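Below are the features I grabbed from TrEMBL:
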TRANSMEM  37-57  transmembrane segment
TRANSMEM  69-88  transmembrane segment
TRANSMEM  100-122  transmembrane segment
TRANSMEM  142-164  transmembrane segment
TRANSMEM  194-216  transmembrane segment
TRANSMEM  237-257  transmembrane segment
Amino acid sequence: MYFSIMDEKGFPRAMSLSMGELVTCSPQAKGSVTITLAFFELVPWIQSVMGIISFFLKLPMSSAWNSAFMLLQHILVLYFCILDCLYYCFTYNLTDGIRVLVLALMCLVDRLMYGSWILVPLNFLKFNFLSSGGDYYGTHKWHWYFTQGFPVMLFTFLPFSIAGMVLSKQWKPSGLIAWVLGLYSVLGHKEFRFVLPVLPMALMFSGYSIAAMKIADSSNSRRKGSSNSHVKCPSKVRLAIFFLLSTNIPMALYMSLFHQRGTEDVMNYLSKEASNNKVKSILFLMPCHATPYYSALHHDLPMRFLDCSPSEEKGTLDESDRFMMDPASFASEFAINWSLPSHIVMFDSEERSLREFLVSHSFKEIRRFFHAHLKVDRDLQASVVVYAFTGQ
């Protein structure tokens, strides 16, 4: 028999009465409590009523009822355990309690999804650090984060961040930034997103340098006897802010509204076409994960993109690599056993090699979307092209 307990502060706690013994999840809690009989006390009565109904209606009393009640019991047990964890968090040690709660929930969800007990962070460590599995997706030089990656992320904030680190003399956060960049530099595979957590810290140093600049200018103005120095923004600060705004706002607008937008535009277009029953299935002949997927399509249609899963054997090329090496040959081989799609999506850089193949299989270009002005990693992918099947 299970109970829901409220202590003197109003925090719910879970208790279990089994085999005549009262067992509490948090025995250290003190004070008066109010006990409310939970759903489990009613389970035998509900099962009896269901049995009577089944008897009069001549329905078989299968094990499905018992399975349903067992599932409900497990859910309520988990609910009461979570309540007890929250009680511990808010009453005794908030930080440690939250850590235990998050770790327990993470392990439980992974157990349900994978079918066995798995510690995902440990697998991440083994795959990326101990086995260099990330190198399968491409590598950069060891100094990339210091010479290219992080400077590009800071952009014109870079000199202000460096100045702030020197002026503030706060070496611990500065060392933390260097530590993170250095640690990720050990990995062969590098991406901007890996070091995003330390970007706000670098920007705080930028703010510190601008604030120090304002204080220095204000002090100089007072020495010169300026009476309105507190009203006008110091000239150096004004120039610095103007410089940052004039460089970052245009870049933010361009990167957000124009650069590499074709992959999103094409999915919006296909979603609208699918709403009109004009799309039956889609094949993406482009590097894997180049476009959004069902989260943007919003329709239950067959879709296929080229696989790029890591292989246990080093040197084995995946579908995406083989396609990029020779698009025409790969497409001809792929079409032998394919389920004919109604639409094919590709970049214009590969379209030139595939045009003859597409025409021979009765595909015709129907839309073209702008993608990018600049080359990134691969050949310039200026546009995204959609071909539709026109044959019978």
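Placement of Cβ uses the backbone N, Cα and C atoms for every residue, glycine included.
Tell me about the surroundings of these features in the structure.
Sequence-distant contacts of the transmembrane segment (142-164) (same chain, six or more residues past either end, CB-CB distance under 8 Å): 181, 184-186, 190, 192, 195-196, 199, 202-210, 212, 240, 243-244, 247-248, 251.
Residues of the same chain lying 6 or more positions beyond the ends of the transmembrane segment (194-216) and with a Cβ under 8 Å from any Cβ of it are 145, 149-150, 153-154, 157, 160-165, 167-168, 170, 173-174, 176-177, 180-181, 184, 233-234, 236-237, 240-241.
Counting only same-chain residues 6+ beyond the ends of the transmembrane segment (237-257), those with a CB under 8 A from a CB of the stretch are 155-157, 160, 210, 213-214, 217.
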